[in-house]
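Colleague: What follows is a single structure, and I will ask about it in a moment.
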């Protein structure tokens, strides 16, 4: 039954919060609940307390499990409440009293007995100082100074000598009698059942003694007879903390207790018993005496009777048994513990208790056995094993931490496994262990736990993964991480691709009946379509003839596409037939829909995408704006067809694009650079091109130009060879066509209206004017456009050739009152996107842009395009002018030419002629003038196409940025790559240094520029100063002239700045001199050898004189007669070695400055376009 002393509270057993602190704060309320109706509250005399103890102890045990047992707790609580008096709080034992109150909450304690026992124990501690340390530890762990008063100690002191003699004799006699009876009973009974041993009347007292030792119940720990008192002396401190001398006093009055076994079995105090047993093991271990193993023996024997076994298995090892598999060990322990040794051990333990008064906590029944030596020897292994388990449970129970218990058991198991595997480790463990059997038991113990070695296995696996790694693998991984991200080359012969369907077009009957002549006439009517190739399908006239699905046709109808454009009529049936197509058509002719609609039909025919599969349709564009526009054109079809598309371009966060690709997308619209980044990201796990069967290159001429061609070819090489490839552009030069045909298979070439022709709906105006008049003319054009109401919502697009010019023109137009914005490659992508959207929405009517907005930009109401700076080739002009006059609308394109831009006039005049417009006379004059210069060899004819700097410049910029980050953050991963790049950079610097390095010149006093020998190897040549033959040979005269010279210099010392060398008037100040020309070095190099800091260091180190002479001349300019020579440095010194060292240092600074200049150029290359300030 649950009592007030129950320890099943939220607070830990060892904490004082739930008892002492609460007792202090809520004294009255708490004691009213616990102490109503209790007696003996006012008695504080020792005599009365002793009488109460003598009278009630035996009766307390007799009614152990009766209802009256609660009264004993109440009596104890009354006594405890008495202790909280004013005098008690002034006592030194105030903290001990709190501990006593805390410990008294356990359910199975005889509090009055413990109170008296604490008094006697304090007295024994005073008498026997040798055992003070051990005694104090037991008091700390279990019941230190449990509220005993000083008066009670004094009263109990004289009673000890009178009780010592008879207690010993009675205990010895009683123990011999019990031993004989127990041996007879054991010989008669050889079964291991516990209840049969308990049912016998002979060993009843033995059971009670054993019960008190195990600490099951306060009732069991009370003495039954004089012989029992002697037995109780050993385990009393553990269960009830009774003094054997105090027990002997009342031995004659104590009757035998009723059936103890049944009561003990019914006691639900397993948790408390486990804690008590753990505390006893700790006390025994702390004492350092031999009885420590005996404690385990006693507990083992108790287990054989069915008392301790249940508690040990259920309480102390419940967690360990479940998690680590102690079942085999437990069965072995029960098998060995049934041997009949407790009486002899207990007798010997009582002798130990007589010798050491404080050893009653540690005395066991098996220390002094005389007849059971063989049985004890057989049980040694099990006892040592039990001791190990108890030591483990001590830490675990005290801390209340099951995780620590599991870890401790795991450590023990790992050690045991090592002992089994390695004899040397076993031997070392044997040396470390105090007893060899303990090691054997541990090894045997670990075998039972091996299947459950969870933590040990995990640690072993992790150590193996790190420790057994091959060094070459790590080096390979490191070198791989250093390499630049690149797409791995795919061997298509080793990859099995899924077959796919290419032909979806079936020629309608009305077109099949059409003859070739009729088809040619139809193509002529459709803006003069020109086709090249084999088996070209006839152009269609209606959407219904294209073989499209109903969903696609519904979207087309909703978009308002009533009829097909010329390029669509010919390109859609050609693409739907599965052929590779090159489509060239004028701007604004619907080329985007010509390749999008067949792509949707192509994708829907294939199986859906699975997890981590790449796209099916790939569309690449040269500009980010064009990619965004194509992606926007796809959206109406995506929802109807249940498809997904991703737009991937640089400038936007790549993580968002990666997330979209991982979710799956059938279509990806991208720029080449970002596509390479995505393919190389995460070692190619983001996306792949295995399922790509439909590739579109929009603005294909730009894609195959020098800037994009390597990237495009790198991507196409990773796509399956039997793909369908489609190329579209408004301009397609012949040289680009030859390059593009390498990627196609038997293509059909479709040209509508000419290869690079401006649409006839566009009015082209070309004017030749000065640079100053261009802005005024621009204001005039804008004023005329927005002067009428019908053009109120019109848009104007102004093209310039440089980023700085765009911002400058923006500022000027804003001052004139025109709301406008600018767009160019120097702006962030988010700014470019928002600017395009605002311009299309009409938020501002004027947009200033570079050629980045020349391709693919489709803006409604765009009626005026102004080429403020003339385009540099034909294709750029066509695309710029093609931003207006789209989809049949009219527009105007105005181009400004200056006198010095005659090389651009040739392409502009050609575009005018091809579009059927007249060439102005001023423009024709510029054309004729340029052609004459070409014939004369003064000029070179310009090639068509955009050209570009290729990937080398991009790689250089990326490498420079990466090196800058490495220097900033010092990642420690520079390694070989950094060394190689440093070598390349040094080589470049050496080349430039050698180009501009002038040899060290030796000069005479009168002619410093002679001789002018150049030493490209950078050898330092030092010349000795020539001696004037007219100079006086008298040493005194030399001294006088030197003194005069010094005075002359000192007189000017105050005039000169600090740190500046004194003017030495040429090479007369030292015996040796040398010169170093620095005029043609970069600015940083010149600054490195002329700034005062560096020069002062050299002067201090070498003792020379360094002077900067001459004048600086720009590159290509030579000094005229009578002018100062080019900038050079004069070094003078008294010894040749000093001059040589100074020159070497100056040349080193020159090299470093040159390298720094090269590095700065590669880090921030002068693009000549735009620089963000």
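Cβ coordinates come from backbone N, Cα and C, glycine included.
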Colleague: From the ranges 541-569, 570-598, 599-627, 628-656, pick the one that Swiss-Prot records as motif 'Q motif'.
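Modeller: So the range that Swiss-Prot calls motif 'Q motif' is 541-569.
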Colleague: Please find, within the list 698-701, 702-705, 706-709, the residue stretch that Swiss-Prot describes as motif 'DEAD box'.
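Modeller: Checked against Swiss-Prot: motif 'DEAD box' maps to 698-701.
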Colleague: Among 834-885, 886-937, 938-989, find the range that Swiss-Prot records as region 'Disordered'.
Modeller: 938-989
Colleague: By Cβ distance under 8 Å, which residues at least 6 away from the ends of the motif 'Q motif' (541-569) in the same chain are close to it?
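Modeller: Non-local partners: 504-506, 508, 510-511, 522, 526-527, 529, 576, 583, 585, 589-591, 593-594, 597, 600-601, 604, 636-637, 640-641, 750, 752-753.
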Colleague: Of the residues in the compositional bias 'Basic and acidic residues' (381-390), how many are helix, strand and coil by DSSP?
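Modeller: Across the compositional bias 'Basic and acidic residues' (381-390), DSSP assigns the residues as follows: 10 helix, 0 strand, 0 coil.
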Colleague: Six or more residues beyond either end and a Cβ under 8 Å away: which residues meet both conditions relative to the motif 'DEAD box' (698-701)?
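Modeller: For the motif 'DEAD box' (698-701), the nonlocal Cβ contacts are 582, 591-592, 595, 619-623, 626, 630, 727-733, 736, 740, 855-856, 875, 945-946.
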Colleague: Would you list the DSSP helix, strand and coil counts for the residues of the motif 'DEAD box' (698-701)?
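Modeller: DSSP classes over the motif 'DEAD box' (698-701) add up to 2 helix, 1 strand, 1 coil.
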